[in-house]
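Asks: Below is one structure. I have some questions about it.
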Amino acid sequence: MEGFGGAPRFLAYPRAFTVQSGTNVVLSCQIMGDPQPSILWEKDKNTIEPSGRFHMESKGDLYSLLVSCATPRDSGLYVCRAKNSVGETYAATTLSVEPAEPGEEEGCSGSVAPAFLTAPSSMRVCRGEDVMFTCRVSGQPCPVLEWEKDGHKLSDLFESSHFAVGQKPEDWHFLKLFSARPQDGGVYVCRARSGSQEALAAAVLLVEAQAPLHGLPNGSPADGAEVLVEVPGAKAFAVSAGKHAKFRCFVTGKPKPEIIWQKDGEPLTPGRRHLIYEDREGYFILKVLYCKPQDQGLYMCTASNTAGQTLSAVQLQVKEHRLRFQVQLADVEVAEREDAVLECQVPLETIPTSWYLEDRELQPSHKYVMEERGVVRRLTIRDARTDDDGIYLCQMKDKGRSIAEVSVRGVIVKRLPRKLDVMEGENAVFCVETRDVVEGSFWSRDGLQLCESPRTVLKSFSRTHLLVLVHVTRQDAGIISFTVGESQTSSQLRVKCVKHDPPSAPVAAEMSVVESNMALLTWCPAPDSHLRPASHYLLERREAAGEEWVQCLATDLPSCVRVLGDSVPREADYCFRISAANKHGTSSPVEFPGAVHLAPAARLERGLQDTWVRDGEDAQFSLELSAAVHGSWFLNGTRLGEEEDAGGRCSVQRRGMEHSLLIRGARLADTGAQVTFVSGGVRDSAILHVQAPQVHIAPVSEAERLRKVPAGLPVLLECQVSAPDAPVCWLKDGKAVPLDDVIAVQTEGCVRRLLLRSACPSDTGVYTCDAGDDAMDFVVTVTEVPVRIISSSEEAPHTYVARQRVELWCQLSRPAAPVRWYKDGEEVEVGESLVLEQEGPLCKLVLPCAQTQDTGEFVCDAGGDSEPVRIVSSNEGASHTYVAGQRVELWCQLSRLAAPVHWYKDGEEVEAGESLVLEQEGLQCRLVLPCAQPQDTGEFVCDAGGDSVFYTVTVAEVPVRIVSSNKEALHSYVVGQRVELWCQLSHPVSPVRWYKDGEEVEVDENLVLEQEGLQYRLVLPCARIQDTGEFICNARDASVSYSILVAEPPVRILQPPQRSLELLVQAPGCVELRCELSVPDAPVHWFKDGLEVDETDNLLLLVEGAWHCLFIPKSSAEDAGEYICETKDEAVSFDVKVHAIPAEPPVRILQPCRPVPVMTVSPGETVTLCCELSRADAPVCWAKEGVRLEAGGSLVLEEEGAYRRLLIPTAQAEHSGKYTCDTTNDTVTFTIQVLGEHEAREEPGDLVLEVHLSHTHGEVKWYKDGEKLQDTGRVRLEEDGLRRSLVILGTTGKDAGEYLCDTGDDSIIFFITVEGEQEVLVGMLQSLTVLEGEDATFKCLVSPEDVAVTWQLNGQPVAPSERLLVTRSGLCHGLTLRQCQTGDAGTVTANAEGLVSTARLSVQEAQVLFVRKLQDVVAEEQGDVCLEVEVSHEAAEVQWLKQGILLQPGSKYLLQESGCRRTLTICCLGPADRGTYRCESLHDRTQAKLHVEREYQVSIRTPLADVETFEKETATFHLELSHPGVTGVWTRDGIRVKPSSTCRISATGCGHSLTLERLALEDSGTVTFTADTLRCSAHLRVREPPVTMVRVPRDLGVPETGVASFECELSRPNAEVKWFKDGQELRPGPNCRIYSAGRRRILQLNRCELSDTGSYTCDAGDCQASATLHVQERQVHVVQELQDVKVREGDNAVFTCEVSHGDVKGEWFRDGEKIKVSSTVKIRQEGTRHFLLFCGVRPEDKGLIRFTARTVISEASLQVEALPIRIVKPLRDKTVLARHKATLECTVSHARGRVRWLRGDTEIFAGDKYEICNLDCYRTLIIHRVGPEDEDSYTCDAFDDRSTARLLVEGEWAPKGAPLVAASAAVPWNPCPHPPPLAKILSAGLEGAGWIQCQGSVPPCLGYTFWVPHLAMPQLTLTPTVPTGS
């Protein structure tokens, strides 16, 4: 393991997960390092501490973090940090937890979805220019950006030097392309990912080629120069005219090559008939549509990039149809809105034609007018629009095509393609070019205008207009239109679904328990995991007792996981199952065998608490654990069993994680009992306390509890307790009642009393009888006699002048009674200007020196009696309009307390009750209506005797409110669903109306209105499409609307139930794919390999009710592929595999080549129809008039070798008709006419046209007058080798005309004329089959009678004799052969003056039957045996067979004949002669068994032994029997082994051997030897030879970042190997490729690092070899050193360092501390240059900056010039009152600014007197308890700036009773006409003095402040001189 020493290194990184809430998640990684590193996990930069939900585990070099019961708050960035003494590293991954319910997601906070504040902009540039895409992104956590082009990563398309991706300050990101190339054009998408959320933004780049040199297009040479293009060895490619030619070129290279297509040296550009694109497989495609002859030429594909250039060429040949148009279509160009006319001429008037617009057949309509006039064919396109621009074809049926292009000149120059097929997830790009720069254009989909969005890019570059749909989904499919003015072009966007398979289920699932309370689960990935890899595995659990499966863990470990007891919710036996998952789905689960007992490690969440109960009550103890586990309870050390339930004293219960103990009827003796709970490591105790029974006090009536008595009367308070001896305590206002002569306590039984003998007002209060457990309160109020005002000075006049003395008095009924004086409703305050006096019952208010402000109303309030009450304020002026149910409160404030008031409504005094409450609190009186009703409307009056106030109250009905409804629910339904809309009102109201789209609904069977309480419902029992719309429920004052959408029901695929099927088909069998839909008439789409199929002759799309079928009548290898039947909601795929059956040669009918047109026979004659086939085993089908014939009745069907015959033994009239012999590949037709007596029928002659082709496989088509001829009854089309014939039976005058034979490449025309002539007809001979010895008679009919007929037998003329008779009777001629022998078989020919008829004579032998059959025979060994049979006649021939093998005469077998007897004698019998013997004739057979008995018993001495050997070796099996000469049979896997070049069988004496040579793997099996009744077997196992290494890997030394390739060669190509590095198995990855090439095994390491140094081993199982890799470290040096930077505070500072290599990582340090990226610090690398950016530097950022890369170091200093601190807002002078605090505050320019405070020139420091505050930019000095001595100048000194202010102190008063200090002052002023000055009296102890005029002297004992108007001196303070002692 030396290769892994040193700093920690990640061998396997943690993987990102997305899981459901509540799932357990395992993040794992593999780390190596020496010494062993310490591991730290972080989440969102916060260290994770092990806790209840986070569990960390390490096993070897595998480290895991388990997150139990993950919640959405656990989503975020997780970092694993590994550190040891050598170094440190880290790896990060993301975890996304999706909430189980929407409510959980709302509660998840802490992240902000990424959003593009500024999206990248589309642009168009010239070739060679630089391109910069910029965008600005926000999000939390900080988003990570990825750029892609056309769905590919930039690194897969471009070399690293061609582009740069980076980040700028303030969240700006950029992508820069250097020297743009045409292939750089495309759609660029920027993905911003933040946590589990992402955002997209897209832009389009167009790269235009530079202007051609010298004004020549495409840089072509000048006129006169020729470009000669010759490509040696160019392939030839032929295509028929009108067909498409597709050229495909596959080119690889980096940077991505630039492709140029040329024809004959001229560059091709995309156009109507030239499509140039790159397909999904990476092929570059040129497609020439609807080829014309002028498209012939040499096509070249040239690929070039910066590394080089290559080309490929193909010669295209366009073959024209033999039958061509006389005049071809011509290209047409028309203006928009004009008519376009296309015209051509066909060779014949009768030839039908069809018109096509590209691949769409046109039908006659108002738009398309089609005309046929003679040979002229015309198409008129009316009102041509942009979408009519295209390629038009006129096609003759099954013949040639004529092609023309129609160009429509309009605003739109380049239109959209008619359809665009895009795979789901790809980008759809639409481009339109206009003639001029236009405005007001827009894009739409299905009629809805498209707007710019992150997934929709709309861009116009001058005359080019682009629409890009990014990452299309199936919802994006539709009609895409571009509209400008009245011009429009459209395209159908079709989005193809991509079929993805979920991974296969894991295998070899095993569960073991290696430690207690833990299960080790192991499994293996599926064998096909390399085809369908799993991204992670999902583990589920359930209790063995049976519950639902619950997902408990998601892990990326491919082999094992440990399940701890802490991960289960409660203690139980658990079962587990595992399934593999990726983004395409989840495999079926595999259950682990067995179950394991797990218990969570419980912790105490809520402990036991001491319990206090009364005697006889139940005591309950409970606690809560962190897991559901079992536990035990103990009472005073004694364990309580769970069986002690209701029947015992104690009851134990467990509910989930809560455990409880119930002790019934606790007794006093139980006091102090200890209750203990124990579970595992948890132990907790509590104490039981039992108290005596509770004392209760019996209830007392309210009248007894609320006592109001006059002063002087006794008061008795009494209550009754539950126990006679219960002590009580009496309290008054919470304090114990003192017992004296006035208050006494009495006890009598259970009665407790408190007696107040003589109550006085001071006894008023709350008295409590406290019994400890219960208490009773009594409220006692002692009232005095009300105070009355006996007399007063109220009646005296109270008009005064200023400075007069005012005296108000009143005499009370009781002296010393408290009174209150009020002025204008407010209580007066005593002062020098107002004196209150009381002498006995007389109370006075004196104003010693009245002032004008004393004018007002004074009231003397004596409680019981006072002056008149006035209403001081009220809420009369407020609005008193309410709705029913609201609270109404009317109030007024009186001038004195406890004044009586009366309330009236509409003139009548109100009565208090539940609906009307009268309240009085202090001076305020209230009338309250808790729940106003409309009848409370009226005028309310509050009368206070001398004053009143009026209120007008209006109570309206409560408006109806809709309390709740299902408006927010999703109202999307399918047809047939029940729709229910409801709303609940606040109170009943009538009427409630429902509307749909503004019209009131009508109730019927399709719409029901219901009401239940306050809930109103509208129900649609069975929704329909027309129910879509807006429904409104109107309830007078409120309404609610519902948007209802009723859609067609989802189309489900009912059959087949599987969503993926595999279908094997044998070509050319039919393929039938069927799907049953849930909606019968729903549309479906069929796709093959991702592209939608079109119906053809060999591909039919059928619909039968709910079944949709794709039918291929004759399949071929091209039909193999993936077929998808797709509805709008579901899809099912069929994987069709077509296996071709080796083609057999077609069956041809050799004879007769051309049968006679009509075979005429007489009734009763025998008719024989005979055919000779090209293959003897071929079946035929006989039919008459299309009806299949079967043997039986009057028909006989015969087969003899290659001959097939149909015999009619006795012809009758019904046998007349056409007979057909069909071999599938060939057909021959016979016409039979059975004549009546003396009847002969003449038939017309035949027409035969023959042509000879150049080769035998050519196909021809026959036409008569332009119409194709079909093979029918009269017309026969024949093929014979190179000969092709057209035969018309019985020609007539109608058959005259022009006949055309067309081969596609050639044609020939016949002109046929039919003339009348004398006819000679011959009734054909019929073939005969007779038995040996019978007669055979051949007959034919010849007309006229004088025609001479000659006969031939086997080609020899027939001479009449005794055996050969020639006869003639009228038209009938005959030949009879008597007593036919087998040698007479042959051909009989009748020649009637050139007309020949031939028939065949077949002579069958007489049947040989066995009269006596063989019988089973038992014979002894060494004896002879004779087998005998008897045949039916003596001349019969027989043959003898044994076990199917023909026996030949010899010494062993004697064959003899004697009359009808036939015998077989077997001599010297042995065991080998046992078996079945058969005797056969041609017509019969018989067989019997021969048993040979031995004289001894044979046994096996040495049995067979199993043999194991290697491939191509030799294996020998040997067996020894007890006796020699025993014959045995060897078999292998039940098949008899016969001697051959690789198999030798030998027997020597008692030994038998079988030797098998050159063994193969398939030779493995069971070898068996059988002899007599003995049987012995052994196994042969053939293994592959051990793998050896022909060539071993060699030691390598490579430079750092170089490529190292280890290669070894094995002895066989199919051996598997594993590669190891220092003992650790290597896995393929980005920098590690493992592959094979034949017998070679290669390990390739890309971008080698120093850590890759080590020993690499190739292990092939049987052998292994190692080699060493040494990675040479590169010498890195600094190219550009860091430079010192000096900036001002707030500016940005940039450090740049350039090193010699671009892939070297660097680190930045400041003063030795590593610099981390933050919002103000940015670090990036561009190639070899490294950048460090400080944004908004501060003085504390200064320091020594060091950059390190490997061993090189560069340093520079950062100096920050601090900005001067300025005082922005200076101090202000302040005047404060003495003994208050003074605050001086100023604002500085920087929050960091440091200041100091000065008083005068002395610095002030914080203390009790001074408080100094610095908050942000504010600087504050607070001076507490200011005195005159604090007056001074105060300065805030900011060092660079300062501010000074003056502090003044006013009103330094002497305390009450303190002597005044002598002072004097002189006021110099000149007399003036102004009023005398005013002085403000500042008297110590008085508040709020006024200004008075002084007339010269100042009263003593007061301090005055004089204010003299119009003087320069604003203020002067004087203190009079006070004599000593005064």
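Backbone N, Cα and C atoms are what each Cβ position is placed from, and that goes for glycine too.
As the structure is a computational prediction, the values presented were derived from the model and not from experiment.
So TrEMBL lists the following for this protein:
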DOMAIN    8-96  domain 'Ig-like'
DOMAIN    114-201  domain 'Ig-like'
DOMAIN    232-312  domain 'Ig-like'
DOMAIN    323-407  domain 'Ig-like'
DOMAIN    502-601  domain 'Fibronectin type-III'
DOMAIN    693-783  domain 'Ig-like'
DOMAIN    786-862  domain 'Ig-like'
DOMAIN    868-954  domain 'Ig-like'
DOMAIN    1049-1135  domain 'Ig-like'
DOMAIN    1259-1301  domain 'Ig-like'
DOMAIN    1318-1402  domain 'Ig-like'
DOMAIN    1764-1838  domain 'Ig-like'
Asks: Please spell out the DSSP helix, strand and coil residue counts for the domain 'Ig-like' (1259-1301).
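Replies: Tallying H, G and I as helix, E and B as strand, the rest coil: 3 helix, 23 strand, 17 coil.
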Asks: Kindly report the helix/strand/coil residue split of the domain 'Ig-like' (868-954) according to DSSP, in that order.
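Replies: Taking the domain 'Ig-like' (868-954) as a whole: 3 helix, 44 strand, 40 coil.
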Asks: Please work out which recorded stretch in 8-96, 232-312, 786-862, 868-954, 1049-1135 has the most C-beta pairs separated by under 8 angstroms from the domain 'Ig-like' (114-201)?
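Replies: Going through each listed stretch, the top one turns out to be 232-312.
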Asks: Would the domain 'Ig-like' (868-954) count as touching the domain 'Ig-like' (786-862), if touching means at least three Cβ pairs under 8 Å and pairs must be 6 or more apart in sequence?
Replies: yes
Asks: What does the DSSP secondary structure composition of the domain 'Ig-like' (1049-1135) look like, as residue counts for helix, strand and coil?
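Replies: Its residues divide into 3 helix, 48 strand, 36 coil.
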Asks: What does DSSP give as the helix, strand and coil breakdown of the domain 'Ig-like' (1764-1838)?
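Replies: Split by secondary structure, the domain 'Ig-like' (1764-1838) comes out as 3 helix, 39 strand, 33 coil.
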Asks: What does the DSSP secondary structure composition of the domain 'Ig-like' (323-407) look like, as residue counts for helix, strand and coil?
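Replies: Across the domain 'Ig-like' (323-407), DSSP assigns the residues as follows: 3 helix, 44 strand, 38 coil.
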Asks: Tally of helix, strand and coil residues over the domain 'Ig-like' (232-312) according to DSSP?
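Replies: Summed over the domain 'Ig-like' (232-312), the classes give 3 helix, 45 strand, 33 coil.
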